[in-house]
Amino acid sequence: MDRIIEKLDHGWWVVSHEQKLWLPKGELPYGEAANFDLVGQRALQIGEWQGEPVWLVQQQRRHDMGSVRQVIDLDVGLFQLAGRGVQLAEFYRSHKYCGYCGHEMYPSKTEWAMLCSHCRERYYPQIAPCIIVAIRRDDSILLAQHTRHRNGVHTVLAGFVEVGETLEQAVAREVMEESGIKVKNLRYVTSQPWPFPQSLMTAFMAEYDSGDIVIDPKELLEANWYRYDDLPLLPPPGTVARRLIEDTVAMCRAEYE
């Protein structure tokens, strides 16, 4: 699937190594390969954006390697492609040898997979399903500040789905573990690939059922009910968390204004 980059190849360039992204001038590179010293490198086309190819190059650059979070303000589609590139680069880097027999592996020519030439085992990129849920109580929404977000941002609750668990069960468990409350009338909204490091966020809205807020201090710094017209600092636009909050605010406005 990959090939040698030629002088006139052009498009968007996702140059990634160890979950980092090359961002010269803080931007995702766009243009001809020669402008970025990429001629002769191997590249894999991972999609298209506005009619232009998006290429993955597995390479470490000496300068300007940053987090894919730095391009979160890009259009959602381009951000997702950048995230795909970072995840694929890490997948190929971490699957050089077979986990079953220890022999060297090679990339498939027909799909995103690594193949073992010895035992014929086939590996695909790992995706970790997560739930994220906006909980409404009358004219208020439950927002929390997570221990990993010490920048004042308040967001909705989220967590990983466990083995043998449905998405609905994961919502109920995560909400209870993190906040101590029960929810009802769960409704699926949307999903979003989230490359930190390899999650697929499944987004829900729910209504408060019962219980008082009792936070898990390992997960949250604080959690509280916030009236829809008096909210704290929120996640940036383009994130599924922001989408859930805005949808909840719209519902509250429709009822209370």
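Just so you know, glycine gets a Cβ as well, placed from its N, Cα and C.
DSSP gives Phe196 (substrate binding site) a coil state; it is part of no helix or strand. Counting only same-chain residues at least 6 apart in sequence, those with a Cβ under 8 Å from the Cβ of Phe196 (substrate binding site) are Val68, Arg69. Per Swiss-Prot, the feature substrate binding site maps to Lys25, Arg69, Glu111, Tyr124, Gln192, Pro193, Trp194, Pro195, Phe196, Pro197, Gln198, Ser199, Ala241.
Feature annotation from Swiss-Prot assigns Zn(2+) binding site to Cys98, Cys101, Cys116, Cys119; the stated evidence is experimental evidence. Neighbour density for Cys98 (Zn(2+) binding site): within 10 A of its CB lie 20 other CB atoms from the protein chains shown.
Annotated domain 'Nudix hydrolase' per Swiss-Prot: 125-248, in sequence order, evidence recorded as sequence analysis.
Remote same-chain partners of the motif 'Nudix box' (159-180), defined as residues 6 or more beyond its termini with a Cβ less than 8 Å from a stretch Cβ, comprise 128-131, 133, 135, 142, 144, 186, 188, 199, 202, 204, 206, 211-216, 219-220, 223. According to Swiss-Prot, the motif 'Nudix box' annotation covers 159-180.
Residue environment of Glu219 (divalent metal cation 3 binding site) contains 18 other Cβ atoms, counted within 10 Å of its Cβ in all protein chains. According to Swiss-Prot, the feature divalent metal cation 3 binding site maps to Glu174, Glu178, Glu219.
A 10 Å cutoff on Cβ-Cβ distances gives Glu174 (divalent metal cation 3 binding site) a total of 22 other Cβ atoms nearby, all chains included. Residues annotated as divalent metal cation 2 binding site in Swiss-Prot: Glu174.
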I'd like the Cβ neighbour count for Trp194 (substrate binding site), meaning other Cβ atoms within 10 Å of its Cβ, all protein chains included.
20
For the C-alpha pair, I'd like the distance in angstrom between Glu219 (divalent metal cation 3 binding site) and Cys119 (Zn(2+) binding site), rounded off.
42
Rounded to a whole angstrom, what is the C-alpha distance between Ala241 (substrate binding site) and Cys116 (Zn(2+) binding site)?
39
Argmin Cα dist to Cys101 (Zn(2+) binding site) over the binding-site residues Lys25, Glu178, Gln192 returns Gln192
Please report how many Å separate the Cα atom of Cys119 (Zn(2+) binding site) from that of Glu111 (substrate binding site), as a whole number.
19
Using Cys116 (Zn(2+) binding site) as the reference point, find which of the binding-site residues Lys25, Gln192, Gln198 has the shortest Cα-to-Cα distance to it.
Gln198
